[in-house]
């Protein structure tokens, strides 16, 4: 892609996100979401492969539908209350339609079907943007409207998202699809707590984005998108494969790593809200996604490709690893000891 065009699209992404997260009026929030959608489409379809064009079309249709629903809910609320302010969403039907619109924007169950297909058709760098930056504006709108939303509905959607995200990721061989179902599963953790402690949702999103960015950048450096090619990476890039192992364990939420922090706090908050059954259900269902994280880690580090000839292995990559990956890996795995400091800033 032309560097000038890429600069324009990237700037538009930043602009659209900034407009949405800083707006108080529904129309400006909607305009920011539209700028975001139009800016990411060329980045999805830039390879001109039929799968990429299909992914861009699916993304456009779902996002346009979600934006129309969001505008409809804002208009309905304004019709009944005379308010266009985002925080003044009080009409029950408008709240229900807005929940559906934002669930469709994010890829929450039952509006999740587009997300794995779109991620599979996108390059790894664009898939990273779709998994992190593009979810920030809808999460912000959820955060701003959280007092008005129906907590029971969000709890059911969250538990279903965690269940389906883990269950449907079990038999995948494409890494981008596995990470898409991982994203759906993590969205369940964010949605279940949004009504009770919205700041925890944002903390979960920030840490999820950090860890996912690390995974995608490592995979992009390895030029790996399938499990079969991931099995051959240890011989070429042992250091990167080790980093990937630690980051995947952190994404799974295992205790010594950063990813354990949001899950621990969410379970604690749910228990305080007398929602121990929901906390138990979502914790058990996250074991499903733990299985495919462990399978990815196993393929990356423990499996060696079969070789019959006695040749020297290529132990180093042709180009040096970017320092960003080293910094991101460190933060993705070692933030748990400073969790009291993180909690004071949230």
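Even glycines carry a Cβ here, placed using N, Cα and C.
What TrEMBL lists as domain 'NADH:quinone oxidoreductase/Mrp antiporter transmembrane' is 23-288. The domain 'NADH dehydrogenase subunit 2 C-terminal' feature in TrEMBL is assigned to 290-343. Here TrEMBL flags 59-79, 91-115, 153-171, 178-196, 202-219, 240-261, 281-304 as transmembrane segment.
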- Task: With the transmembrane segment (281-304) as the reference, find which of 59-79, 153-171, 178-196 contributes the most Cβ pairs under 8 Å.
- Result: 153-171
- Apart from its near flanks, which chain residues at least 6 from the ends of the transmembrane segment (59-79) lie with a Cβ under 8 angstroms of it? 26-27, 29-30, 33-34, 37, 40-41, 44, 88-91, 93-95, 97-98, 100-102, 104-105, 111, 114, 118, 130, 141
- Residues of the same chain, at least six outside the transmembrane segment (202-219), with any C-beta under 8 angstroms of its C-beta? 124-125, 127-128, 131-133, 135-136, 139, 143, 175, 179, 182-183, 186, 189-190, 193, 225, 240, 243-244, 247-248, 250-251, 258-259, 261-262, 265-266, 322, 324-325, 328-329, 331-332, 335, 342, 346
